[in-house]
Amino acid sequence: LTGVLDDCLCDIESIDDFNTFKIFPKIQKLQERDYFRYYKVNLKRPCPFWADDGHCSIKDCHVEPCPESKIPVGIKAGSSNKYSKAANNSKELEDCEQANKLGAVNSTLSNQSKEAFIDWARYDDSQDHFCELDDERSPDAQYVDLLLNPERYTGYKGPSAWRVWNSIYEENCFKPRSVYRPLNPLAPSRGESFYTWLEGLCLEKRVFYKLISGLHASINLHLCANYLLEETWGKPRWGPNVKEFTRRFDPIETKGEGPRRLKNLYFLYLIELRALSKVAPYFERSVVDLYTGNGHEDAESKALLLDIFRDTKSFHMHFDEKSMFAGDKKGAKSLKEEFRLHFKNISRIMDCVGCDKCRLWGKLQTQGLGTALKILFSEKEIQSLPENSPSKGFQLTRQEIVALINAFGR
């Protein structure tokens with residue numbers, strides 16, 4: 001890919017250089033630190049939009065069993081969920097069993113980590129939250145070590161996976177039903193009317209569509225880059241699958257669709273980069289601490305984070321969000337609210353993902369993007385933050401911070 005991205009004055013080569021040499025090495029280091037590697041997630045919330053079907057919308061694609069001694073009582077996974085319908089044939093059953101094995105989430109945690117979480121929760125509770133995330137207090141919410149559960153191909157595919165993305169595009173991208181969207185990379189391309197329609201939208205709605213498309217491209221890329229290449233003697237070998245990448249992104253195989261998807265991924269990167277540069281003042285205050293209980297490590301984590309913020313501010317081709325929601329006050333306010341509700345709906349659709357590992361990373365990256373949007377819509381509140389006390393006007397929970405950094409890292 002080369003050239004300028006639509007809707008912003010930025011070219012792809014500049015983003016590549018900036019990311020490769022400045023951002024990526026530091027963000028990778030940051031993601032390995034304790035504060036950023038544990039994410040609390042509820043993988044048991046029922047899908048609010050449709051009943052699970054028997055084929056790999058499976059609740060049983062569940063937490064990998066660990067030795068009894070290692071499983072904390074509060075995190076024990078229920079294994080009572082069997083298939084809601086018998087699989088239609090043995091091939092489907094095999095696919096499901098394979099997906100179960102590959103999609104399992106490793107929930108082992110050391111005692112030390114468990115004690116640290118109690119401390120973190122206490123510290124978080126003492127902060128003045130801007131918003132309470134419903135998941136956090138649920139007995140089903142559990143901490144997951146993101147380093148032990150990398151995002152990769154899990155065998156989760158077919159109608160169930162397709163339906164999740166289809167609902168996101170068809171119902172949540174401000175799109176009239178009459179405009180056909182070639183979702184499936186192998187579908188015959190009847191998509192030009194779609195792009196004519198997209199160009200005719202206001203900037204905000206175009207931006208929304210591009211962010212969702214960028215998120216989709218990002219997740220597909222991670223699966224192609226970390227694919228199950230072979231499993232010999234029970235030892236899986238993971239690595240890049242060029243054939244799969246070509247199938248999803250090559251201009252010829254996708255009838256010109258692939259490069260558009262990749263451009264939207266760059267657009268997503270720019271939006272999250274902009275959010276990081278905007279939220280810097282929030283973290284620069286002494287009252288904000290990346291608290292894990294280990295003072296030395298916390299100070300190092302914060303220094304590294306502030307260093308990344310300095311880099312993000314030095315980037316000279318940021319997306320200019322001032323052009324968003326800049327119309328008449330009433331219209332802008334209702335559009336912003338519509339934006340928020342559409343996005344909230346997408347985060348609820350992530351509870352319909354059948355494979356736990358895919359659901360974990362889908363939820364995390366959606367929350368990260370949601371946090372980026374919250375930051376971009378809160379510029380005035382961030383600028384007027386008090387130096388030495390928590391603010392009622394703008395607040396980030398630990399969950400939002402972890403999601404933001406890990407989503408940007410992806």
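Backbone N, Cα and C atoms are what each Cβ position is placed from, and that goes for glycine too.
According to TrEMBL, the disulfide bond annotation covers CYS56-CYS61 (among others).
Taken from TrEMBL, the feature FAD binding site applies to ARG152, THR154, TRP165, SER213, HIS216, ARG248.
Annotation source TrEMBL lists disulfide bond at CYS355-CYS358 (among others). Taking all protein chains in view, 28 other C-beta atoms sit within 10 angstroms of the C-beta of CYS355 (disulfide bond).
Summarising the annotation, TrEMBL assigns active site to CYS355 (among others).
Around CYS358 (disulfide bond), the same-chain residues at least 6 positions away in sequence with a Cβ under 8 Å from its Cβ are GLY103, THR154, TYR156, ALA161. Residues annotated as active site in TrEMBL: CYS358 (among others).
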Express the distance between the Cα positions of ARG152 (FAD binding site) and CYS355 (disulfide bond) as a whole number of Å.
12
